Amino acid sequence: MQSNRLGWILLAPTLVILFFFGVVPFFYVLWLSFHQWNPFAVDPNIIYNGADNFRALVFDQGFLSSLGVTIAFVFFAVLSEVILGYFLAQAFMKEFPGKAIFRTVHTLPLIMAPIIVGSIWKLMTTPSIGIIPTVLDDWFGYDLNIGTSALAAFTVTVIMDIWHWTPLVTLTLIAALASLPADPFEQAQIDGANKRQIFWHITLPMIAPALLATVFIRLMDALRTVDEVLMLTGGGPGSATRYLGVHIFKEVFPKTNYGYGSAVSIIVLYLTIVACWLLYAALIAPRNKKA
Amino acid sequence: MAGVKIKDVVKRYGSVQVMHGIDIDIEDGEFVVLVGPSGCGKSTLLRMLAGLEAISGGTISIGERVVNDVPPKERDIAMVFQSYALYPHKTVAQNMGFPLKMAKRPKAEIDEKVGRAAEILDLTKYLDRYPKALSGGQRQRVAMGRAIVRDPQVFLFDEPLSNLDAKLRVSMRVEIKELHQRLKTTIVYVTHDQIEAMTMADKIVVMRDGRVEQIGAPLDLYDNPQNVFVAGFIGSPSMNFVKGRIGTHDGKKAFVSHKGLVLPVPETAADEGREVVYGIRPEHIRVGSPESGVPMNVVVVEPTGSETQIFARSGEDMIDAIVKERISAKPGERIGFEIDPVDVRLFDDKTQQRLR
């Protein structure tokens, strides 16, 4: 009893903070999503409108196109990060000169604030002054302009995300690979497996838990990307890079469309949960059931 | 099935040489045990046989084929690791069938071979389980099953029983020996436990510091150790050693230790005055009265039920004897150690080699 009370006392500060900064805002947003509230509209009051916001979403071209580009963005970014991260992790498992320096430099993007990452990439990609368009033009005669080309803007945001977050995948996978016992791999060699078979039959299943955890984290993060993209492209050109986070931001802040923005937020949360659950159901649950 | 020839094999790590010209001939179907203390190179040698470790010189052949540069998967060997090295994400059946699956054998054949191996090893009920749901002994058997299904030329065992408790170790020892009698496949088995070596091997290779000290049948090594190291390593409890020189006592040739203990030696023993190491196994000493043998003072008596071990001292020399009888000697009591000169082994003090 005594220790129980002490436990609650020790937990209390966290619980209080969590309550005010997590639970309250969540329910507030949930509550708002069932209301119409635009302080600068004809009627600035908060008016209950049932599921109107959600109903409107289904027919909202802006939202649907945003959802489409977001899914494409998340797919390409996360997939590339996982593949690239795996190969980098494998490379870091080997010894080579300058490894320590290279590994440190490689993790630098991780410690940068997204807004800074956005600024750096904006500087690097601004036509005529940025290093990337200059080099592409000089070497390949390619005219990169993320202000006019939707594909270029989309691609650059994906590359920026890869640049920013691959180190996270690499670090997680280095930890996972380093913790693997050596014996099963030697055993697999003796059992007649070649490199490709060892990867599919031994390495991949053995790092799967760490790999999936990383994918979850990256999936959730990528689905709510805002600041970097807002800084780099502002969601343009047109709505080519208007990912859900950017879409919500633009609905809520410049347009002060709070009720509608809340509804989109709730849907994004729902999508994130569904995506993670699908991954879990497809990849982890069958393993647990067998064991 | 095939024999294995290890010829003048050398291993270097950079400038450090750790294996110094190993020569071992293993015949087809033989059960050979590599034994020696930690760091003697026995596991490295086994890994070189498996192809997991490159050799720096010499040749290794399996059957007629030199396999120096052949990768592990093409050597047609099976290996059982000390850690068992089971694939944690595969069931027992998948673990055992893995080598066959890699060899692209038809599923029916895999199922049949796995089923048969499981029967031999009493694993049939566990085929659908994962390794984490098995006991140590069962995991050990799965690892063996995975080796058996391949029907390889040679089995390699790397301290397979070291992670098991004492009781299980004894029963697995019997099982492995039985398996060898049934399958008749060549086995190379590494252990640091000389009892395992003695009980299982057709031939024992005693190693130390990257060199082969002696090769021979278990009882041959026990009876005729070539040097002090082998004499001390084989046999448990290990042989008593006393340093001294050959002299005379009561007009007869005898051994006199540096601290004055006089022990009997055969008449044919080395020349008088020679510095020697005197070796006598505890089980070759009988305990009698101080008059009938070498007089000693009892220090410790350790009864184990089936036998009694007695540590006794004379001056500063300590010798232990092990006898079948239950002896009620008390510490401090004077007794006599009766030694038959035939059982005595003498070694040169400088070279540590056996004197005959």
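From the backbone N, Cα and C atoms, a Cβ is placed for every residue, glycine too.
Record features, source TrEMBL:
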DOMAIN    A:63-279  domain 'ABC transmembrane type-1'
TRANSMEM  A:7-31  transmembrane segment
TRANSMEM  A:63-88  transmembrane segment
TRANSMEM  A:100-124  transmembrane segment
TRANSMEM  A:144-177  transmembrane segment
TRANSMEM  A:198-220  transmembrane segment
TRANSMEM  A:263-285  transmembrane segment
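When Cβ-Cβ distances below 8 Å are used as the criterion, the transmembrane segment (A:100-124) is approached by residues 88, 92, 130-132, 156, 160, 163-168, 170-171, 225-232 of the same chain, each at least six residues removed from its ends. For the transmembrane segment (A:7-31), same-chain residues at least 6 beyond its ends with a Cβ under 8 Å from one of its own Cβ atoms are 262, 265-266.
Beyond the ends of the transmembrane segment (A:263-285), by six or more residues, the same chain brings 29-30, 33-34, 53-54, 56-57, 63, 67, 208-209, 212, 215-216, 219-220, 223-224, 244-245, 247-248, 251 to within a C-beta distance below 8 angstroms of the stretch.
For the transmembrane segment (A:63-88), the residues of the chain that approach it from at least six positions outside its boundaries are 57, 106, 154, 157-158, 161-162, 165-170, 172-173, 211, 214-215, 218-219, 222-223, 225, 239-244, 246-247, 264, 271, judged by C-beta separation under 8 angstroms.
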